[in-house]
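Quick look at what Swiss-Prot lists:
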- 1-13: topological domain 'Cytoplasmic' (TOPO_DOM)
- 35-40: topological domain 'Lumenal' (TOPO_DOM)
- 62-74: topological domain 'Cytoplasmic' (TOPO_DOM)
- 96-149: topological domain 'Lumenal' (TOPO_DOM)
- 171-184: topological domain 'Cytoplasmic' (TOPO_DOM)
- 206-218: topological domain 'Lumenal' (TOPO_DOM)
- 240-294: topological domain 'Cytoplasmic' (TOPO_DOM)
- 316-373: topological domain 'Lumenal' (TOPO_DOM)
- 395-413: topological domain 'Cytoplasmic' (TOPO_DOM)
- 435-461: topological domain 'Lumenal' (TOPO_DOM)
- 483-491: topological domain 'Cytoplasmic' (TOPO_DOM)
- 14-34: transmembrane segment (TRANSMEM)
- 41-61: transmembrane segment (TRANSMEM)
- 75-95: transmembrane segment (TRANSMEM)
- 150-170: transmembrane segment (TRANSMEM)
- 185-205: transmembrane segment (TRANSMEM)
- 219-239: transmembrane segment (TRANSMEM)
- 295-315: transmembrane segment (TRANSMEM)
- 374-394: transmembrane segment (TRANSMEM)
- 414-434: transmembrane segment (TRANSMEM)
- 462-482: transmembrane segment (TRANSMEM)
Amino acid sequence: MTSLSKSFMQSGRICAACFYLLFTLLSIPISFKVGGLECGLSFTVTLFTLYFITTTLNVLARRHGGRLYIFFTNCLYYSQHFIIASLLYLFLSGFSNDELGNVLKNKYNESESFLEALKNSLNSNQINYVLYYYYYRFVVQPWQFVLTKSTPFFTLSEGFFTILAIQAVGETNRWLSNDLNSNTWIISSLLTSGGVITASLYYLYRIYVTPIWPLSIQTASLLGLVLSMVCGLGLYGIVSQKGSVIESSLFFAYIVRCIYEISPKLATTATDEILNLFKDVWQKHQRNLPTADNLLCYFHNVILKNAEVLWGSFIPRGRKKTGDFHDKLISILSFEKVSLISKPFWKFFKNFTFSVPLSINEFCQVTIKMASESVSPAIVINLCFRVLMFYSATRIIPALQRKNDKQLRKSRRIMKGLYWYSPCILIAMYTHLILQYSGELKKDLCIWGCSEKWFGVDQPEIIVDSWGFWNWCNIFCTILVYATELIGSGS
């Protein structure tokens with residue numbers, strides 16, 4: 001395979017990945033916002049299953065199949081990107097029906113088996129909704145259960161991977177400053193650290209003054225303990241030269257972010273404030289720029305009008321006197337008669353070239369409007385942050401492990417498998433964030449007195465908020481991991 005064909009295939013994969021990311025970011029929130037919880041869960045588990053099956057077939061074909069099977073599975077894998085919109089429309093149209101809602105609420109014929117229900121409903125108009133119900137019951141509900149119980153995994157793994165990324169940034173900055181002997185990197189790292197610490201202190205101040213999250217005595221005490229430990233670890237890393245200024249500032253900023261994540265409403269408000277600030281700055285600078293028409297208006301007002309003027313210049317304005325045979329032949333084949341014949345084609349071409357982009361523009365505007373009303377900036381920012389941390393971990397962990405060639409190849413195969421199944425991980429992560437910020441996750445978590453068998457009789461139940469509890473666990477686990485790395489590492 002030539003380098004040109006490899007570059008072409010790589011470009012195609014990148015375009016398909018961007019197309020998939022865009023459609024995933026837009027379609028999943030729309031399914032939850034428009035269709036409801038059941039529609040969103042059904043749509044996401046269908047996407048997850050499709051990507052899991054096609055990825056597995058692709059991996060098996062690459063390992064055991066020939067070129068024909070590899071080509072077929074590749075086509076199957078990349079073609080599913082184009083059916084996301086059709087799947088979204090299918091589930092939106094299905095769950096918008098009132099009959100299906102009644103079926104889901106009343107648990108339609110729960111005593112019957114799946115085959116019996118299908119057999120009894122063959123002559124009924126509700127066969128599609130029966131299929132929807134059982135699909136929801138046997139596929140979607142386990143998916144919802146897994147997402148509900150996966151909060152500790154996503155939260156704690158994010159903290160661990162973030163520590164790896166922070167230390168990788170610190171090592172890179174240390175190499176740029178010492179090995180290259182460049183004062184520019186030292187000054188830039190100090191300026192960056194100062195900006196990060198200033199922004200973190202500002203948003204830490206907002207936590208104490210905002211009425212969105214009322215602080216109790218226990219919460220304020222925990223915050224004071226956490227901030228004291230973080231500042232102490234940061235100063236210890238700088239003084240002992242086991243860390244750096246950029247590491248300490250990023251670590252402090254991440255802990256402040258985790259504190260915001262304890263309250264989803266607080267995190268959403270902070271994200272909206274940041275985006276509104278960027279929006280105000282952009283609008284202020286945009287007023288100073290000369291406004292111009294958009295591309296479609298330019299296409300209609302300039303290009304089409306110039307084409308009409310050019311076309312009209314070919315048409316003779318007056319009739320000339322024709323005396324000889326040559327002039328008669330020219331008059332027969334004149335531009336006037338040619339224009340009469342080709343005028344309908346020109347009108348069709350003109351209307352087609354304007355109406356089709358206009359319809360596409362209207363469709364895109366409707367989609368963007370639905371997406372803007374459905375997509376939460378806090379969810380997208382959290383998703384991008386988690387994807388970045390998880391991707392960084394897949395690069396950092398193999399680099400930290402000193403292995404022989406055989407173990408290194410095995411580690412690379414594992415990381416390659418993670419890359420192959422990354423769409424499934426992304427769908428699960430995105431759906432979990434949407435459920436978290438919409439309040440659909442199980443909020444109550446019993447940590448004491450839940451079972452008489454384990455805790456004994458007459459033990460008081462201690463029930464806490466699930467999301468807040470696991471975020472506090474993430475904060476303390478992250479501090480513990482970073483402290484272990486600082487104390488256990490050499491200077």
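Here the Cβ of each residue, glycine as well, is placed from N, Cα and C on the backbone.
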Two-stretch contact, the transmembrane segment (219-239) and the transmembrane segment (462-482), at least three Cβ pairs under 8 Å: yes
Do any residues, 6 or more residues outside the topological domain 'Lumenal' (206-218), come within under 8 Å Cβ-to-Cβ of it, and if so which ones? 259-260, 262-263, 265-266, 269-270
Could you tell me whether the transmembrane segment (185-205) and the transmembrane segment (75-95) are in contact, taking contact to mean 3+ Cβ pairs under 8 Å with a sequence separation of 6 or more? no
Using Cβ distances below 8 Å and needing 3 or more such pairs, separated by at least 6 in sequence, tell me whether the transmembrane segment (374-394) contacts the transmembrane segment (41-61). no
Under the DSSP assignment, what numbers of helix, strand and coil residues are found in the topological domain 'Lumenal' (206-218)? 6 helix, 0 strand, 7 coil
Predicted model, mean pLDDT over the topological domain 'Cytoplasmic' (171-184): 78
Counting Cβ pairs closer than 8 Å, which of 14-34, 41-61, 150-170 has the most of them with the transmembrane segment (414-434)? 41-61
When DSSP states are grouped into helix, strand and coil, how many residues of the topological domain 'Lumenal' (35-40) land in each? 5 helix, 0 strand, 1 coil
